[in-house]
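Asks: My questions will all concern the structure given below.
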Amino acid sequence: MLEVEVESDNKHLVADELIALQSIYPEIHLDGNNYGRLNIPVNTESDYFLSFKSPDESTLTDTIVVRHFPDLVMEFFLPEAYPFNSPPTFFLKSSWLPLKQKRVLTSSLIKLWNEIHDCVLFDAIEHVRSIATIAFHLPTEMVFPGGFDDLKKEILAFDKNAKLLEFQIRKFQCNVCFDEFNGTDCFQLTRCGHVSCQSCLRDYYTMCIQEGMFSQIKCIDLDCGKDAPVLTLKELESIVGVQLTNRYKELEEKRRYENDSNIIFCPRSFCQGPSKRDPGQKLAICQKCDFAFCSFCQATWHGDLSPCKLEGDSKKLVEMYLNYQENEPEKALELEKRYGKRIIDRLVEQVKNDEEAEKWVLLNGQRCPTCDRVVERIDGCCHMNCLCGTHFCFLCGAYLMEQNPYKHFNDPVSSCYGMLFASAAEKQRFSENWT
């Protein structure tokens, strides 16, 4: 009869203990009166440096720094003789805690019961929770053998998520607008840790992208200063979204290409893709749309043997070529490759002939201001009447009134005053002084 009463008292004590645990730890899982399971958070106040070896364990491949580890699962089984005559059976489950530490910790829990021979579950749980804050006495620097990449990923992901949850429940003052926000409305930069509200960062970085101020896409806190590195693409996307980030990548890539003298852009207006060319080579192929074109004239590819079609002012081209010949011979050779040396030589000769002809016209003739026809005066006065019907001055080329063409020569203010019958020599002197 006595044994039955003792067994009944034990059950009541265990039931009361489990009810108390349920109220203290609502997240605990209990199964009947003899089994329980509880996740113990492992959030430390110190940084832990975890190094991982290569598969052959010859080198260290990576080192991570964390403060949060995946939960330790604490299970207990209560025998019938508990709490006075038999201790609980404890099982500690963890993907990262070494087996040696698990055994030491389990032994310490049994020792707690040995000291009192009574209900010990609360003390056991609190003991585990207290030393969890120091990662169960593990050193702050640990080395894992090869083959633990999955564990590294698990710890990193857990630590990142735990830090995010901590961040979201805190309050922060934005260093731009100085208002206070919940962490859920803020963003913390990875490199420096500075925090600003999402609205201010989004507005600022959007403006930087739209205005092409790519070097300013970095931390805006004054402590970081002008030498702060630009944001990572992942951070930028978290703030301004995918569309603007893609636009930034396109513009930044184009700017980088524009600074490369060997990069030219597709002449198709709808493409504008980059193409890398070898110096001196005509053929260029767009990396975006595969369009083949001439790197010199931007026209559809016309072959190495066909010269580029000459467009624009040939005189400017000749001036450029002659200047290159004197100062930058390699650029003169590039023009010869583009248009062909014979064509360039012919243009040089033509421009020189045109200049000589223009000099003769300047000294010996005059162009009609209406039709540009060259008029030569053999004899007579300086009042010219062109075939197109225009009256003009042979000396200065000015229009003359048909009703009174000689007023121009009788006006004291006119540059041609008194020179109605100027000689050829006087015409040359006039041209040298007034043109």
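Each residue, glycine too, has its Cβ placed from N, Cα and C.
Swiss-Prot lists these features:
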- Cys381: active site (ACT_SITE)
- Cys174, Cys177, Cys197, Cys200: Zn(2+) 1 binding site (BINDING)
- Cys192, His194, Cys219, Cys224: Zn(2+) 2 binding site (BINDING)
- Cys294, Cys297, His302, Cys308: Zn(2+) 4 binding site (BINDING)
- Cys368, Cys371, Cys386, Cys388: Zn(2+) 5 binding site (BINDING)
- Cys393, Cys396, His408, Cys416: Zn(2+) 6 binding site (BINDING)
- 16-135: domain 'RWD' (DOMAIN)
- 170-420: region 'TRIAD supradomain' (REGION)
- 174-224: zinc finger (ZN_FING)
- 245-308: zinc finger (ZN_FING)
- 368-396: zinc finger (ZN_FING)
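What does the local environment look like for each feature on the list?
Replies: In three-state terms derived from DSSP, Cys381 (active site) belongs to neither a helical nor a strand segment and is classed as coil.
Every protein chain considered, the tally of other Cβ atoms within 10 Å of the Cβ of Cys200 (Zn(2+) 1 binding site) stands at 19.
Around Cys219 (Zn(2+) 2 binding site), the same-chain residues six or more apart in sequence whose CB sits under 8 Å from its CB are Leu189, Arg191, Cys192, His194, Ala228, Leu231, listed in sequence order.
His302 (Zn(2+) 4 binding site) carries neither a helix nor a strand DSSP state and counts as coil.
DSSP assigns Cys386 (Zn(2+) 5 binding site) to coil in the three-state reduction, outside any helix or strand. Long-range neighbours of Cys386 (Zn(2+) 5 binding site) (same chain, six or more residues apart, CB within less than 8 Å of its CB): Cys368, Thr370, Cys371, Arg373, Val375, Phe392.
Sequence-distant contacts (6 or more apart, same chain, Cβ under 8 Å) of Cys393 (Zn(2+) 6 binding site) comprise Gln366, Cys382, His383, Met384, Leu400, His408, Phe409, Cys416.
When DSSP labels each residue, the domain 'RWD' (16-135) comes out as 40 helix, 45 strand, 35 coil, counted as helix, strand and coil in that order.
According to DSSP, the secondary structure content of the zinc finger (245-308) in residues is 14 helix, 13 strand, 37 coil.
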Asks: With an 8 Å cut-off on Cβ-Cβ distance and a minimum sequence separation of at least 6, pull the same-chain contacts of Cys174 (Zn(2+) 1 binding site), or say none.
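Replies: Expected: Glu180, Phe181, Cys186, Val195, Ser196, Cys197, Cys200.
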Asks: Helix, strand or coil for His408 (Zn(2+) 6 binding site)? Use DSSP.
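Replies: DSSP call for His408 (Zn(2+) 6 binding site): helix.
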Asks: For Cys388 (Zn(2+) 5 binding site), identify the closest of the recorded positions Cys294, Cys297, His302, Cys381, judging by Cα separation.
Replies: Cys381
Asks: Mind checking which residues of the chain, 6+ beyond the ends of the zinc finger (368-396), have their Cβ under 8 Å from one of its Cβ atoms?
Replies: 361, 402, 405-406, 408-409, 415-416, 419-422, 424, 427, 430, 434
Asks: Going by Cα-Cα distance, which of the recorded positions (Cys224, His302, Cys381) sits nearest to Cys396 (Zn(2+) 6 binding site)?
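Replies: So, of the listed recorded positions, the one sitting closest to Cys396 (Zn(2+) 6 binding site) is Cys381.
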Asks: Taking the Cβ of Cys371 (Zn(2+) 5 binding site) as the centre, count every other Cβ atom within 10 Å, in any protein chain shown.
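Replies: Cβ-Cβ neighbours of Cys371 (Zn(2+) 5 binding site) within 10 Å number 11.
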Asks: Quick one: of the binding-site residues Cys177, Cys224, Cys297, His302, which has its CA closest to the CA of Cys381 (active site)?
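Replies: Given the candidates Cys177, Cys224, Cys297, His302, the nearest one is Cys297.
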